[in-house]
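Colleague: Before anything else, here's the structure in question.
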């Protein structure tokens with residue numbers, strides 16, 4: 001891969017000129033590049049905002065979603081070439097662009113033997129079959145390139161048994177069935193999306209002896225209770241009855257055969273028999289029209305009120321069908337899954353604008369390219385924005401109008417839908433370089449869920465730059481509200497420092513930011529426009545991962561006019577320019593203090609008494625948080641003082657490195673040995689109920705179990721020590737460089 005060579009050109013030139021201050025030192029004479037900015041140029045920023053074109057974004061989306069582009073498919077590779085063509089354009093291209101390929105393990109349904117779900121009568125004959133494909137309501141849901149609904153990485157098999165309803169497939173749901181006296185051994189469990197991850201439904205089911213799992217989307221969760229064809233797409237934005245959510249059921253992210261290693265030819269590969277993280281039993285998703293046939297004919301006890309949905313009947317638990325229903329009482333459900341695993345080539349595409357002053361500092365902006373079917377919303381709405389933003393910046397670059405201070409890297413990731421594979425392989429291959437040099441990662445996957453308001457998820461240091469950007473951009477629609485002012489109407493919180501501000505969500509593992517945050521410790525954000533949650537309870541846009549996620553769906557229902565896409569492009573563009581051109585990095589580390597203080601207060605209020613009973617003190621944690629708060633405030637004051645004068649560029653460089661590297665100090669690769677890739681002690685998955693430091697919360701939750709002994713409480717103490725050490729290390733990182 002050659003992107004490292006490209007980014008090194010500026011360094012090599014500096015060395016040849018005998019500038020020899022430090023690697024990538026930004027005190028390059030202006031004669032070397034008269035366009036090298038010393039700080040954010042507001043005129044350039046205004047130009048970029050004005051040139052981002054909603055119509056061009058719309059046409060990008062039309063082309064990107066014209067055909068299905070499943071990862072590694074011919075159309076996916078066609079889009080690789082489209083990106084390369086755009087980024088090498090002589091008038092609007094970037095400094096360089098290239099594709100890199102990884103050989104990864106993907107999962108597909110058999111074309112010769114499709115997956116089927118049948119009801120088998122008492123005599124062994126098939127008396128009813130679920131739909132194998134989605135209804136072709138617009139002419140785009142059929143054809144050989146539309147992959148059959150399936151659960152990626154679910155094993156093949158043909159289990160058959162009595163049907164039970166297991167709500168969302170959480171561990172407590174299966175325990176509830178056992179409490180009701182239902183024998184789960186050998187049954188088929190019908191579950192609904194939501195509550196826990198896809199793969200967890202199969203894992204939890206298998207623990208209780210279930211032989212196979214079905215998963216459906218309930219209209220109560222996605223359609224605001226609506227389910228008839230005249231109320232759903234193409235007549236509204238709601239999911240049609242035949243719609244089936246596809247998805248990866250792999251528990252981890254990255255290529256399954258090369259954990260912690262890039263999937264290049266020279267890498268060691270795990271034997272397939274030793275791969276972990278796949279669903280243990282056959283699993284298949286179905287549409288809610290088929291789920292209605294099954295669920296509304298179930299026998300047994302009435303399901304709890306919280307388990308009821310919107311299929312127009314009372315949900316029962318089973319097992320088996322009721323005697324007065326549509327199927328004989330002794331009928332069973334057969335789930336025949338014929339998925340296969342294949343090694344396939346999948347490509348990332350990188351486009352690079354080399355920094356004029358600090359070419360060894362990277363601002364990364366990325367999105368995945370692959371989709372389950374047409375993928376107009378997921379992910380092509382993000383790729384359409386990426387292409388327009390890179391066009392505008394590339395045009396300024398080619399005209400000689402602008403070159404950023406720091407390098408900008410645009411990325412189109414491959415095989416995200418199978419488990420964030422492209423981005424993970426990239427972070428594995430360039431782990432050290434990215435950790436040392438990356439300023440921030442900006443992710444724009446689904447750029448527009450709907451057109452009500454901005455929604456940003458991110459680590460605390462990026463809050464300030466997002467706020468600054470959105471205060472200067474007009475919100476779509478009537479009126480003169482800024483995106484910031486509109487955002488605060490929908491998502492807000494009361495900050496002890498700033499008062500009422502928009503609320504940033506935290507980053508989980510739902511898109512390509514995950515390896516950057518959890519594995520590399522890079523300050524990251526995810527930007528999108530979304531819906532008014534007071535008007536819909538949909539857990540996500542209704543046609544998510546179905547064949548109904550098409551260009552017309554976006555054009556007609558989500559964002560007519562594409563003004564919300566344009567707003568996302570402007571927000572992301574402003575953030576990129578602020579991060580790449582500002583003399584002082586606009587990352588505010590003191591904003592972490594609020595998060596740490598809230599975590600500490602939750603630990604004191606909800607865990608303090610319990611910990612005292614086991615002679616575990618929170619005193620060191622209190623001290624560590626206070627140290628961090630003091631050092632973060634002091635660093636902010638030093639920066640403010642320097643901004644008023646004419647600081648030495650090397651001094652600014654050192655301060656910027658402190659800002660950039662803070663996130664890395666929260667990494668501990670041994671903190672969560674059971675959680676692959678999760679090293680960030682503040683943002684790892686939290687299974688405990690207390691909203692505090694995840695390792696501490698999880699350990700306390702396990703230790704509360706009456707069966708837990710001294711080892712469980714020792715783990716609580718270990719997790720507390722891990723957090724304290726991380727916070728003390730973070731505070732030390734923020735001190736003046738000369739101070740240890």
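Each residue, glycine too, has its Cβ placed from N, Cα and C.
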Colleague: Looking at the Zn(2+) 1 binding annotation from Swiss-Prot, with 368, 378 already listed, which candidate in 271, 290, 293, 445 is the matching residue?
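Modeller: Record check against Swiss-Prot: Zn(2+) 1 site with 368, 378, extra candidate from 271, 290, 293, 445 is 445.
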Colleague: Quick one: which of 417, 425, 428, 594 does Swiss-Prot put in the Zn(2+) 2 site with 378, 545?
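Modeller: My reading of Swiss-Prot gives 417 as the candidate in that site.
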Colleague: Would you list the other residues of this chain near Zn(2+) 1 - those whose C-beta lies within 8 angstroms of the C-beta centroid of 368, 378, 445 - in sequence order?
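Modeller: Close Cβ neighbours, site residues excluded: 367, 371, 375, 379, 382, 416, 417, 446, 511, 512.
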Colleague: On a C-alpha basis, identify the one among 368, 378, 492 that is nearest to residue 416 (active site, proton donor/acceptor); the candidates are the recorded positions.
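Modeller: Checked the recorded positions 368, 378, 492; minimum Cα distance to residue 416 (active site, proton donor/acceptor) goes to 368.
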Colleague: Which one of these binding-site residues, 368, 545, has the sparsest Cβ neighbourhood, judged by other Cβ atoms within 10 angstroms?
Modeller: 545
Colleague: Quick check: which same-chain residues outside 378, 417, 545 lie with their CB within 8 A of the centre of the Zn(2+) 2 site CB atoms?
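Modeller: Near the Zn(2+) 2 site, beyond 378, 417, 545, sit 246, 247, 371, 372, 375, 379, 544, 549.
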Colleague: Report the member of 299, 451, 492 (the glycosylation sites) whose C-beta atom has the most other C-beta atoms within 10 angstroms.
Modeller: 451
Colleague: Roughly how many Å lie between the Cα atoms of residue 345 (N-linked glycosylation site) and residue 545 (Zn(2+) 2 binding site), rounded to a whole value?
Modeller: 22
